[in-house]
Amino acid sequence: MLVMLMALNFMCLDLVSFYMLFESTLAPLFLLMGMYGANNKNKAAYYVLIYTLASSLFMLLSIVMYYMMMNSTDYMYMNNMILSMNLQSLLFMGMIMGIAVKTPLMPVHTWLPTVHSESPLGGSMLLAGVILKLAIYGVIRLLLPNLSEMSMMFTPIIYMMSMLTLMYSSLITLKQTDLKVMMAYSSMSHLAVCMMGMFANNLMGMNGSLILCLAHGFVSPALFMLVGGILYDRYHNRLMNYYQGLSTFMPMFSMYLVVFSFCNTGTPLSGNFVGEFLSITGAVMRHPIIGSLTAASVLLSACYQMKLTNRLTGSVFSQYLHITNDVTNREMFLLNWLLMPTIIMGIYPSFVTNILNLASSTLIYSVLM
């Protein structure tokens, strides 16, 4: 049901339909966490409920203003409207509130680590892989084509929020010991880079943002499956310090963890590398100072991801662990299907960029107009 609602959200052509489907993903996620979550599942469920509903009220007010002005909520009518700067600023601030929470950006990010740490594996994979991408889709659908001038004016603020989110999430990940919380903060940093690329107002940044969204949608669920699914299923422990020397008796698991960790850090021949490179390059072209500071994300992501990988797979066998089964055929099948698109995008990115060029160039033209 959750997957169907998200698919419909990407297909709708009406503001009211977008808002209803944007919010309808909350109900299955709330029930999924409330019924199958961990010890603090009720806290996590109410976190996502309150944060999402409170922020979406501002988006709803913007939609009501659109309807009062043009007596319709169709996207085609919105594209033909010429709005004053004051009106654009009100609409933009209402829309960006809902999008900033969904991304999430600082300072409205605190719900994501709690939700990831307490939700079941399926909820974490869907949240990281698809639901968070609705924020980037909202920027493409609602902000860039229709509120072009305000998108240009608010870009420095969006860039500053994204850079702070990126730095904060990367640094705090270095201090974390909970494996799922580490992956949650990692998702925050990657989505911040996506947001910067999308507001870069150039073809390179926008294409990079979309490619990074796609690649992150495969890599992040795979990492959640490895550390929050396979390991937790066998040992019922998410603390990083509990594990050591897994490569001695789980070689296939260790291989997948190393490969997906390298993909997550943006290593060449992975889709994440193409997306991060293009997004950061586009951000530097748009705003050289903040864009250059964003390049530190590559170093910081390598630090925390290699710390995790080295701790789990390296050194000698830990005395706290018992020897267990390696990755099963079913798990290997799922991991291979998540790995192949990432590698294909890294080796042959023009396959994706050729499809994205037309849509991205249309958005740039709209902003420049």
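Going from the start of the chain as shown, residues are counted 1 onward.
The backbone N, Cα and C atoms fix where each Cβ goes, glycine too.
TrEMBL does not curate its annotations; it predicts them automatically.
Lifted from TrEMBL, the feature list:
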DOMAIN    14-295  domain 'NADH:quinone oxidoreductase/Mrp antiporter transmembrane'
TRANSMEM  12-38  transmembrane segment
TRANSMEM  44-69  transmembrane segment
TRANSMEM  81-101  transmembrane segment
TRANSMEM  121-140  transmembrane segment
TRANSMEM  152-171  transmembrane segment
TRANSMEM  183-203  transmembrane segment
TRANSMEM  210-232  transmembrane segment
TRANSMEM  252-275  transmembrane segment
TRANSMEM  287-307  transmembrane segment
TRANSMEM  343-368  transmembrane segment
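In summary, the transmembrane segment (81-101) lies against the transmembrane segment (152-171): three or more C-beta pairs, each 6 or more positions apart in sequence, are under 8 Å. When Cβ distances are compared across the two stretches, the transmembrane segment (44-69) makes contact with the transmembrane segment (12-38), since 3 or more pairs at least 6 residues apart fall below 8 angstroms. Beyond the transmembrane segment (152-171), the same-chain residues lying 6 or more positions past its ends with a Cβ under 8 Å from any Cβ of the stretch are 89, 92, 96, 100, 103-106, 109, 185-186, 188-189, 192-193, 195-196, 199, 201, 283, 286-287, 290-291, 293-294, 296-297, 300-301, 303-304, 367. If one looks beyond the transmembrane segment (343-368) by at least 6 residues along the same chain, the residues whose Cβ comes under 8 Å of a Cβ in the stretch are 140, 144-145, 148, 151-152, 201-203, 206-207, 210-211, 214-215, 263, 268-274.
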